[in-house]
Amino acid sequence: SLSAGLDLPGRFLFATLTLMTLIAILVFIEEAVYIYRKIPSSKRSIIIWINAAAPVISTTSCIGMWVPRSAMFTDFTAGIFFAIVIHKFLMMMIKECGGQKVLLRRFENGHFTISTGPCCCCCLCLPRVPITRKTLFWLKLSTFQFAVFRPVLVFLSIVLWTNDNYVLYNLSPKGPALWISCFIGALTLFALWAVGIMFRKVRILLKCKNIIPKFALYQFIVILNHLQITIINMLATQKIIPCAPPLTSTARGSYIAHQLLIMEMFLITVISRVVYRRKYHDLEPPECVAEEPRDKKQAP
């Protein structure tokens, strides 16, 4: 087995990363208990889901580190969970504004700026879209479709893999891995675009509720869990990351990615506890009334 072939520094590294994963889980459990006791039930489950993203990714990465052959399943599990978290983050921003009805009343004559990343950050000529029930529905649908279709595509990938038709690192146009990956990438961009549009509108209003550091942590998880893994896998596929028996280049790339994720998600878990708990101490004062300059003339 892999653990049997480790030298003393390797075993120390494995033990340290496993301990970091356990600490991240304990920190999340303590934070979940705090949220359950202190936060209103309308926001409780959403905030627990968001806080669970980093510990879950750390746990799946730890399993993938100890059992390299399980990398596909652990990565799929982390991807499915984070697809749900993206939708939950959009819903959290709406909840923090007081809910959909209050948000629509607050921004009655406001507009969404859709020329934002990651899809249309360079398309400054795009028109601004009025904030209505319909536009809010489309934003929620953009994140909800990702939470629904990502598990479906993962299930399809596993079915094809069991029939030897799906090879994770085979990006040949004749194979299904390339097309499934491209479709998942397109769905991801649309979901992240919807969250970016909403954040750009409410970031001033929710500044006193620490929405900016929360969004930064969410963005770090997106970058580390998607872009970082993609880059490392590409380097491994091109043999830039050399093999180290008994690990092939692709297995070693996955092995390195999991180790990095454990350390990164541990830090994000600790920082998230500070950021979310600090915000909850400020929930008792009246609702924030600071709005963007263009909406100041609206009736409360």
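Every residue number used here counts from 1 along the chain in the order it is shown.
Just so it is clear, glycine is given a Cβ too, placed from its N, Cα and C backbone atoms.
According to TrEMBL, the feature transmembrane segment maps to 12-34, 46-67, 73-91, 137-161, 176-195, 215-236, 256-276.
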**OP:** Could you tell me whether the transmembrane segment (73-91) and the transmembrane segment (176-195) have 3+ CB pairs under 8 A, leaving out pairs under 6 positions apart?
**Re:** yes
Subject >> Most Cβ pairs under 8 Å with the transmembrane segment (137-161), selected from 12-34, 46-67, 73-91 >> reply: 73-91
**OP:** Using a Cβ distance cut-off of under 8 Å, indicate which of 73-91, 215-236, 256-276 has the most pairs with the transmembrane segment (12-34).
**Re:** 256-276
Subject >> Beyond the flanks of the transmembrane segment (73-91) by at least 6 residues, Cβ under 8 Å >> reply: 46, 49-50, 52-53, 56-57, 60-61, 63-64, 139-140, 143-144, 146-147, 150-151, 154, 157-158, 184, 191-192, 194-195, 198, 215, 218, 221-222, 225, 229, 254, 258
